[in-house]
Amino acid sequence: MAEAAGAPEAEVAELRARLRAVRHKVLVLSGKGGVGKSTFSALLAHGLAADETKQVALLDIDICGPSIPKMMGLEGEQVHQSGSGWSPVYVEENLGVMSVGFLLSSPDDAVIWRGPKKNGLIKQFLRDVDWGEVDYLIVDTPPGTSDEHLSIVQYLSATHIDGAVIVTTPQEVSLQDVRKEINFCRKVKLPIIGVVENMSGFVCPKCKNESQIFPPTTGGAEKMCQNMNVSLLGKVPLDPEIGKSCDRGQSFLAEAPESPATLSYRNIIQRIQEYCEQHHLQEEKIM
């Protein structure tokens, strides 16, 4: 990609300097809203931060619908400034969060901004937030392929992005937008780590029978991944407790360690870690 797709050289150098200490950068995308992308981003961050030797950062660039502060139990927190920039809000010592939600006077405030203002804030988050040494930067994006996605790819291409995880549900209405998302990634040369099928079946806690709440009428994410030559990272079953944990601002992975959904999440997180390590080794060889 050209120098951050036309961003001024001084700006590119500034972003590169700020993000030099960030080892891995992962974008979380979805074609549609409501498929569980922010939930996945929050649980991915919690899962990675379970290893206390790793520093994890979660950046929420869903500017018009920032749900990360609520999900991470940080509603009402404020951003503080220091001599080295904005300080993230910390959930744990090794898990920092930044979101436009921290800049609003109320969680119910509407953000009514045009593209250039959104782009300016994304750039500010990348340039002015003092993340420190970070092993994983997880970026929660809005649904679709809009200004925010172009901006984050443009700015992060000044450094290097490990890739994107795309979240979908099994039904065709969701998958048709994921195909667009995959084509977007290919057009902007954003590597695709893989696809996660969320809300993939529901196991009744009493009778243990599985029901397809969102029937995979065209073969679900598995068939789509085969057709488009993309990895399927895993399938996460529906569990009503995930939503309850998010509403309380707690980690579902810690609250329900034996749940089939937790086991699925752990496998997916492991695959993402393996991909990032492999990608990092390849980058080092090229350099």
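The backbone N, Cα and C atoms fix where each Cβ goes, and this holds for glycine too.
Automatic, uncurated: that is what TrEMBL annotation is.
Annotation source TrEMBL lists ATP binding site at Gly31, Lys32, Gly33, Gly34, Val35, Gly36, Lys37, Ser38. The [4Fe-4S] cluster binding site feature in TrEMBL is assigned to Cys204, Cys207. The annotation domain 'AAA+ ATPase' is assigned in TrEMBL to 23-194.
Sequence features, as recorded in TrEMBL, placed on the structure.
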{"residue": "Gly31", "record": "ATP binding site", "Cβ within 10 Å": "23"}
{"residue": "Lys32", "record": "ATP binding site", "Cβ within 10 Å": "19"}
{"residue": "Gly33", "record": "ATP binding site", "Cβ within 10 Å": "13"}
{"residue": "Gly34", "record": "ATP binding site", "Cβ within 10 Å": "10"}
{"residue": "Val35", "record": "ATP binding site", "Cβ within 10 Å": "24"}
{"residue": "Gly36", "record": "ATP binding site", "Cβ within 10 Å": "21"}
{"residue": "Lys37", "record": "ATP binding site", "Cβ within 10 Å": "26"}
{"residue": "Ser38", "record": "ATP binding site", "Cβ within 10 Å": "27"}
{"residue": "Cys204", "record": "[4Fe-4S] cluster binding site", "Cβ within 10 Å": "9"}
{"residue": "Cys207", "record": "[4Fe-4S] cluster binding site", "Cβ within 10 Å": "7"}
Do me a favour and check the Cα-Cα span between Val35 (ATP binding site) and Cys204 ([4Fe-4S] cluster binding site); whole Å is fine.
21
CB-centroid shell, 8 A cutoff, ATP site Gly31, Lys32, Gly33, Gly34, Val35, Gly36, Lys37, Ser38, site residues removed:
Ser30, Pro143, Val167, Thr169, Ser174
Give me the mean pLDDT over the domain 'AAA+ ATPase' (23-194), rounded to a whole number.
93
Between Lys37 (ATP binding site) and Cys204 ([4Fe-4S] cluster binding site), the C-alpha gap once rounded to whole angstrom:
24
Whole-number Å value for how far Gly33 (ATP binding site) lies from Cys204 ([4Fe-4S] cluster binding site) (Cα to Cα):
26
From Gly31, Lys32, Gly33, Gly36, Ser38: binding-site residues whose CA lies within 10 A of Cys207 ([4Fe-4S] cluster binding site):
none
